[in-house]
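According to TrEMBL, the features are:
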type	residues	note
DOMAIN	A:61-172	domain '3-dehydroquinate synthase N-terminal'
DOMAIN	A:174-314	domain '3-dehydroquinate synthase C-terminal'
Protein chains: 2
Amino acid sequence: MKQIDSISYPIYFNSIAEKLDKFIEDGKYSRFFILTDEHTALHCLPLITDKVNPDNYDLLEVSAGEESKTIDFCIGIWKMLIDFDADRNSLLINLGGGVVTDLGGFAASTYKRGIDFIHIPTTLLSQVDASIGGKTGIDIDNLKNIIGTFTQPKAVFIEHAFLETLPARQIKSGTAEMLKHGLIADADYWHALKNSNLEKPEAELVYQSAVIKNKVVTEDPSERGQRKILNFGHTIGHALESYSLDHDKNPLTHGEAIAAGMICEAWLSHQKCDLPAADLDEIVSTLLAIYGKYQVKEASFVELRNIMKKDKKNQGGKINCSLLTKIGDCRIDNICTDDELCDSLRYYAQLEYARV
Amino acid sequence: MKQIDSISYPIYFNSIAEKLDKFIEDGKYSRFFILTDEHTALHCLPLITDKVNPDNYDLLEVSAGEESKTIDFCIGIWKMLIDFDADRNSLLINLGGGVVTDLGGFAASTYKRGIDFIHIPTTLLSQVDASIGGKTGIDIDNLKNIIGTFTQPKAVFIEHAFLETLPARQIKSGTAEMLKHGLIADADYWHALKNSNLEKPEAELVYQSAVIKNKVVTEDPSERGQRKILNFGHTIGHALESYSLDHDKNPLTHGEAIAAGMICEAWLSHQKCDLPAADLDEIVSTLLAIYGKYQVKEASFVELRNIMKKDKKNQGGKINCSLLTKIGDCRIDNICTDDELCDSLRYYAQLEYARV
């Protein structure tokens, strides 16, 4: 069983059976609470509750989906903790995808000015991304993570077995962040990953992705500088995700939106940071083959740009992107003009894509 | 002009004219925002806006009073910051009493995962208490500060001139915390203070009170231990304050509630921590003479106790008080039974009080 030592806490791999009970016992918590959504309550909770004393915990549940990542659901969690008389020495276990870990982390970091929490991420996306790095957050008016804190969990437990319960589209959503980790920091990993079976990512590749994410956040916990490389593909990707959530009946997943954002921002990288044309082609063909193409229309550009203007990385009203210099290397703080951003969307819109 | 160095920031006394503008300039903020209520907008804001460049800031305003210290007003502040496109390099200046500094501090500490803020406390209570120590907070269902963070401001500016704009009842509300500082940590200060003109507290006495508060919080920023001495009078006092807010047309001020709470907890101190009878008598007669007596009825005891059960200091469902061993010394973590708490309320209820 593997373990990564993060900023101030361990990330355990495939260790719930052996380590969770002892972790709770050693923490001398007065009690603990498990936050789930209806899916993780059904598919993942038994693995936890089999291992711990049933007298010591209570269950909290929110609805599955990004719609739960709001202040209203956060207030719901606070009120449940109040009703259960949760004291400062309580522990919150966030069992779910990124929505549950971000929302639960924010609720815990502010309840009675902060109680301990741990993450047990159950989606690939949250295993390789959301659960690592101490970001908590909720959305307001579809602005993702506009409110939150930097608060580290006390531990993260990553279980490969949970991935077997996931639909294929959710697995693909997670592999987008894994591919991003290769693009921004490790060309070998990118090549290994894109040539692997992405429908069933191997445990070793999941582990390596967590290692990359952890290395970046450990060196810059509060995102003053280099941590921003993780935002490659996200300036445009987040805008597409918000836009799609507002306009589409079947909205893009996070990974699908970020894949489209990475194509646009790879094009910007080619224009502004000398990303070689061969690298751009490789990125575009790889991502299109996996994620297909989203219909982006010229009429949506104004709204997309307005969403980008709210991006947390911006300073002084300027839109700030993290761009690639080559596959495996990323440079932060590239100011992009409105024209450049629109041109990157136009580039994406004109790509030819033959469904395979 | 005096200055205290707190945990990671300075507390300036009577230095706005000389230091505020330079502080903002040195911080290289993209812009700043001033949070006021309608009183401080009228009486205190001109002192600030006279000193700074009017092109660089926007004003945010909440209603005066504890009713504003809610998640709804916090959401209002977040949305105003979003509408103003406030970036991560913005500064929030909280100009007001404890409601504005607690609420503004919480909003700033969570907006985009934290922007810088400073406090300019305008009430005596916030000058000697709320603005020092890095506690931010909002109330839910009348549970005071149940949600919040420990986040230090970047500076605090305490101006004695602001006290001249305050009604007498608000001044008295602040002196209760000053008297508490003497009771828990400095007998000489207690005696000097109670023999001074409490209707117009001298700048030197305000400064000394801030020094005591700062010393306690600097030694225990996140309230793991000794900082809890600041809660003397507050377990019962907060319950009376919440109760009064729900039931009385003209509710108790914070200081009035804490004064009654200090009498009850001084009685508990006499029973449980050997506070000498002479000290108890001195505390009771001093506080009654200043604050008068609140009508506490036996019928309200159950509700009061239920409020106390929600106190953040409690652990494992037990009500935990900070009690005096003598005037000038306080001991934390005294578990009090329901009977003891009710008896202390009964003691208070039977006190004879001749209005002077």
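Glycine residues also receive a Cβ, built from the backbone N, Cα and C atoms like all the rest.
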Study note, to complete from the structure: Reduced to three DSSP states, the domain '3-dehydroquinate synthase C-terminal' (A:174-314) has 103 helix, 0 strand, 38 coil
**Study point:** For the domain '3-dehydroquinate synthase N-terminal' (A:61-172), mean pLDDT (0 to 100)
**Key:** 95
**Study point:** For the domain '3-dehydroquinate synthase N-terminal' (A:61-172), residues assigned helix / strand / coil by DSSP
**Key:** 47 helix, 28 strand, 37 coil
